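Before any comments, here is the structure.
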Amino acid sequence: MNLVEVATTKPYRVRIGSGAVHELAGLVAGRRAAVVCPQTLVHLVPRFGIDDLVVIEVPDAEAAKTPEVLVNGWRRLAEANMTRGDIIVGFGGGATTDVAGFLAATWMRGIDVIHVPTTVLAMADAAIGGKTGVNIPAGKNLVGAFHEPIGVLCDTELLTTLPAREVRSGLAEIVKCGFIKDPVILDVISNHPRLALDVTSQTFVEVLTRAITVKAGVVSADLHERTSSREEVGRERLNYGHTLAHAIEAHKHFTWRHGEADAVGMVFAAELSHRYLGLSDEVVARTRTILSEIGLPVTCDEIKWADLRKTMNVDKKTRVDPQTGRQVLRFVGIHKPGQVAMIVDPDEAALAECYDRCSAR
């Protein structure tokens with residue numbers, strides 16, 4: 001089993017490998033547990049070996065991330081008389097761990113949470129780093145809190161029943177970690193794309209562990225996204241490709257998987273980086289190639305740029321110019337794989353041109 005340490009204020013470990021979930025009972029250590037999970041996973045909860053627990057069912061995927069689901073969760077916690085000494089377990093995909101984390105952050109002003117992610121995306125990203133949140137009509141993840149888990153169990157056995165689409169979507173986040181910090185990930189996936197998509201392979205475990213190591217290092221240095229300034233990049237480097245991706249998800253009414261939208265977002269970020277940061281033509285082309293090889297989309301030409309641009313105004317990386325009061329867009333870009341920089345207030349015409357290039361088939 002692989003272990004990755006997340007060295008934040010309260011350090012915790014991410015356990016990665018087959019059978020990791022069997023360590024949950026020991027981590028709960030006799031406390032009462034509220035397991036937050038979708039209905040499709042309820043039948044697996046008895047395997048945890050926890051005697052005293054309550055199950056809080058939530059909808060699948062992004063449908064879970066609503067204020068209404070939170071209110072129901074708080075009601076269930078109250079009915080179960082959950083105390084500050086008890087614990088919440090987030091068991092599911094990234095949306096489930098987001099909701100479980102937010103419930104833990106807000107119940108009695110904060111109780112412990114452990115995440116047992118069941119998708120590649122949740123293992124590589126959502127379950128690690130303490131970000132929680134829900135969506136509102138104005139945008140994705142606009143309401144939330146930072147609340148770190150006390151442990152994360154990435155049991156690769158839980159991935160074996162995932163649809164291929166979910167595996168591909170999650171692998172997009174792993175590819176992202178290759179571009180922002182660890183180019184070895186890109187080499188491994190380029191050389192072995194089929195094995196990278198096989199959740200039972202050692203190749204998959206290697207790139208997953210590398211991606212988690214990247215995420216752990218970034219959040220350990222900048223847990224609350226406070227290192228980033230107008231031009232500097234701290235934890236926001238994890239949002240490479242996300243500015244466009246979140247806009248696409250909103251316009252697609254969340255019918256696209258996050259990784260699918262982020263794949264297009266990374267192509268856009270590469271084009272923007274080519275324009276402003278001197279990213280080579282070769283890396284721009286490689287971005288398209290590696291994402292295509294694992295079955296992810298690299299274009300989204302059915303949505304007009306003007307519509308996406310309006311949605312970007314509520315992106316969390318946007319800042320207000322103190323002198324003019326004008327909203328300033330900021331994009332995470334790369335000079336080369338592993339070398340990140342912030343692109344601040346790019347020209348509107350350049351943005352449209354990069355999207356056109358991104359959408360060109």
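For all residues, glycine too, the Cβ spot is worked out from N, Cα and C.
These come from Swiss-Prot:
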- 60-65, 94-98, 118-119, K131, K140: NAD(+) binding site (BINDING)
- E173, H242, H258: Zn(2+) binding site (BINDING)
* To do: Starting from each candidate's C-beta and looking 10 angstroms out, tell me which of the binding-site residues K140, H242, H258 has the most other C-beta atoms.
  => H258
* Out of E173, H242, H258, the binding-site residues in the record, which is closest to D60 (NAD(+) binding site) when you go by Cα distance? -> H258
* Of the binding-site residues E173, H242, H258, which one sits closest to E62 (NAD(+) binding site) when you measure Cα to Cα? -> H258
* Asked: A64 (NAD(+) binding site) to H242 (Zn(2+) binding site): how many Å between their Cα atoms?
  -> 20
* Can you tell me how far the Cα of G94 (NAD(+) binding site) sits from the Cα of H242 (Zn(2+) binding site), in Å? -> 15
* Structure fact -> According to DSSP, D60 (NAD(+) binding site) sits in coil
* CB contacts for D60 (NAD(+) binding site) [other CB atoms within 10 A, all chains] -> 14
* DSSP three-state assignment for K140 (NAD(+) binding site) -> strand
